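To keep things clear, I will list the structure first and then write my remarks on it.
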């Protein structure tokens, strides 16, 4: 019985299947190393793992796998130490600003104020300004000319800064920035950082600044005096995100603050206006102006579930009659001079007397007509009775 076992121990290392199984018993850190020499193979066959495998191949393979598992973290090979992909941490929210800039109008010593071009509300318009709302309606990445008017020329080195803030009080501490979708699109960025909302078009001296304390974005350009034949300076701004973008403004109204500053950053003038970036500026301007005229204030946007069409109160198709003006109201009239006062007093008394006589005459005529109607009814009934009496004997 011992001879077959000895023969088996000699024949097993020479077979290909046995060699492949033994190759799997090697530690992971030696898989990519050079092939072992004949001496190392002899040592391998004399090891305890090989002896156990010869007795019971299944248990030996399980034991070798269990032994190789704790040794894997200690291996220094970069292939064996490749970590599993870790889920990316959620993006941290944008920090809130420590201060809210003022947006109150301040003309200063130089009479600083803003102006806009006159434009209609057609569908083809890309930028339009509403004076009654003090609101600019524009399309995404379209030119928005803003005029700067001053009563006297500012000192050399004066700069113009544009900054956007949220209009509503509960959002004022948040920094206005583009949505993630528009941040990833590098179209039209140029020198501007991708998260900046306001850009300046056609000015190579524009500086895009991020305040380290307030975290707010602004764009600064040097002030240029008006050209010959012009009374104002025009700066062309672009807004690079829609007001309805999720993750950005998210339908929250914003204000653009334009400030005039000296080289040291001191304020020389300030003005602001509301901005809405939308697909159809003309239509939105007409809608908001109508709501403003009806209610005296901008109509708040209704949530999607409550946006129902209001039914008219009067469903009848007949036109309503016009209400007559009432003459029972009293008015006070200031008259200079006593003579004029007496003249108007006599005129007023005469008109009052005329109205009283007309009222009395209408009452008398109404009573007389009712009396005639009653008399006429009585005479008709008497005539019928007489005719019946006269016809009575003839019928008999």
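FYI, residue positions are counted from 1 along the chain as it appears here.
Positions of Cβ are set from backbone N, Cα and C atoms, glycine also.
So that you can see what the record holds, here are the features copied from Swiss-Prot:
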- 1-323: region 'Interaction with CCAR2' (REGION)
- 1-45: region 'Transcription activation (acidic)' (REGION)
- 20: phosphoserine (MOD_RES)
- 37: phosphoserine (MOD_RES)
- 116-239: region 'Required for interaction with FBXO42' (REGION)
- 123: N6-acetyllysine (MOD_RES)
- 123: site 'Interaction with DNA' (SITE)
- 179, 182, 241, 245: Zn(2+) binding site (BINDING)
- 286-298: compositional bias 'Basic and acidic residues' (COMPBIAS)
- 308: N6-acetyllysine (MOD_RES)
- 318: phosphoserine (MOD_RES)
- 324: N6-acetyllysine (MOD_RES)
- 371-390: region 'Basic (repression of DNA-binding)' (REGION)
- 373: N6,N6-dimethyllysine (MOD_RES)
- 373: N6-methyllysine (MOD_RES)
- 376: N6,N6-dimethyllysine (MOD_RES)
- 385: N6-methyllysine (MOD_RES)
- 385: N6,N6-dimethyllysine (MOD_RES)
- 395: phosphoserine (MOD_RES)
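Feature map: annotations from Swiss-Prot on the structure.
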{"residue": "20", "record": "phosphoserine", "Cβ contacts under 8 Å, 6 or more apart": "none"}
{"residue": "123", "record": "N6-acetyllysine", "Cβ contacts under 8 Å, 6 or more apart": "280, 282, 283"}
{"residue": "179", "record": "Zn(2+) binding site", "Cβ contacts under 8 Å, 6 or more apart": "241, 242, 245, 246, 247, 248, 249"}
{"residue": "182", "record": "Zn(2+) binding site", "Cβ contacts under 8 Å, 6 or more apart": "240, 241, 245, 248"}
Sparsest-packed of the listed binding-site residues (241, 245) - C-beta count within 10 angstroms: 245
Integer mean pLDDT for the region 'Transcription activation (acidic)' (1-45): 56
Sorted by sequence, non-179, 182, 241, 245 residues with Cβ within 8 Å of centre, Zn(2+): 178, 180, 181, 183, 240, 242, 247, 248, 249
Helix-strand-coil residue split for the region 'Required for interaction with FBXO42' (116-239), DSSP-based: 8 helix, 42 strand, 74 coil
